[in-house]
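Novice: I am attaching a structure below and will ask some questions about it afterwards.
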Amino acid sequence: RYEPTWDSLDARPLPAWFDEAKFGVFIHWGVFSVPSFGSEWFWWYWQKEKREPYVKFMDTNYPPGFSYEDFGPLFTAEFFDANQWTDILKASGAKYVVLTSKHHEGFTLWGSKYSWNWNAVDVGPKRDLVAELATSVRNRTDLHFGLYHSLFEWFNPLFLEDATNAFKTRKFPTSKSLPELYEIVTKYQPEIIWSDGDGNAPDTYWNSTGFLAWLYNDSPVRDTVVTNDRWGAGSICAHGGFYTCSDRYNPGHLLPRKWESCVSVDRGSWGYRRDARLPDYLAVEDLVQQLAETVSCGGNLLMNIGPTHDGRIPVVFEERLRQVGAWLKVNGEAIYGTKPWRAQNDTLTPGVWYTFSPEEGKVNAIFLNWPVSGILELGEPQPKLGETQVKLAGYKELLKWVALGEKGMVIALPQLTPQQMPCQWGWTLQLTDVN
């Protein structure tokens, strides 16, 4: 049994499915999807920091005295169809999904007993959105279902009171945050608890180690659940299951612990925003590059989308998800279930990232730029004459190659028309029998 100490909890082996999955989808959805302006931090920027664009937006478009709470009934979700979302998630090639069950605004997407009149069953949709998505994902796919949960809430009076007392009192975690965590685990049995928002309070204030000990010892998901590292000030990148370290984290090298990079398709926001322009969205080339770099360095990629207040996945997000899925259909063997190789990227040619498929003993070289010459030079592999074979994923015939001295090889790529290309953005060479 795990003790409620970081030494004990950090020693828990991470369930194997998470490392094998490599790719997940993050969904930021909540009351912030109603103003859908600027950022999901809308309430904070408008009321606390009084940032000019937010204040002006409210003054121009809403009557005097309109409060953030007044957005609650406008979060309607009338077009939310969990099966449609699930089919898009499945088409993306993702192996897990993480939904924001509650963001820093405190509004829960399920009918929480601890969030009276500020949840999706009492206000707005009048539906249990968490249950609908969880059920659909489990009935229609083999994706692992996860939930994001914010520990703190910007304007909750109990949290503000505890903060004023320098977190010597613990009214908020004992009456709100912790009961909600036990509630979502018991009710929805998520296999990922993606914690966030420590409010600068230490993990002792949140009793994170006590909760995690219960989660790992006695909860209904004790054998399969994975957790991240955001469990109180000072725990990020230091304690927990897998490390997230910072948003859009990309170390570019191997880490001693399993990690995850979360990246939003909209560079400027995690929640949906109506004021986004086309250049604000990452192109599929960017996402394929992020996936290759992240997986080669031992990480997982969690790609974020923001649905609208009425429950639609905007078409640009759907397109990106389906594009990554199409790429994974061809190149998935270089991603799923792989391990980092001895080299993460090539020393000779930039934009080449390596993974290793242990079962087949294959080295996968993902290259992001197709060379004009049709010749690709790799500085890292050590081929064996007469033994090493080179294949292009999605192309039937073996490729010709010659060795470059002691180490490295030159590979002749096939001459293909754009229509014959196995995919459009990034390709995989599969090398067998290399040292």
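Backbone N, Cα and C atoms are what each Cβ position is placed from, and that goes for glycine too.
I grabbed these lines from TrEMBL:
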DOMAIN    1-333  domain 'Glycoside hydrolase family 29 N-terminal'
SITE      CYS262  site 'May be important for catalysis'
DOMAIN    344-432  domain 'Alpha-L-fucosidase C-terminal'
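In terms of burial and nearby residues, how do these features look in this structure?
Specialist: Confidence annotation: the domain 'Glycoside hydrolase family 29 N-terminal' (1-333) carries a mean pLDDT of 97 in the model.
The Cβ of CYS262 (site 'May be important for catalysis') has PHE26, THR244, ASP247, ARG248, TYR249, LEU302, MET303, ASN304 as same-chain neighbours under 8 Å, each 6 or more residues away in sequence.
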Novice: For the domain 'Alpha-L-fucosidase C-terminal' (344-432), how many residues does DSSP put in helix, in strand and in coil?
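Specialist: Within the domain 'Alpha-L-fucosidase C-terminal' (344-432) the tally stands at 0 helix, 37 strand, 52 coil.
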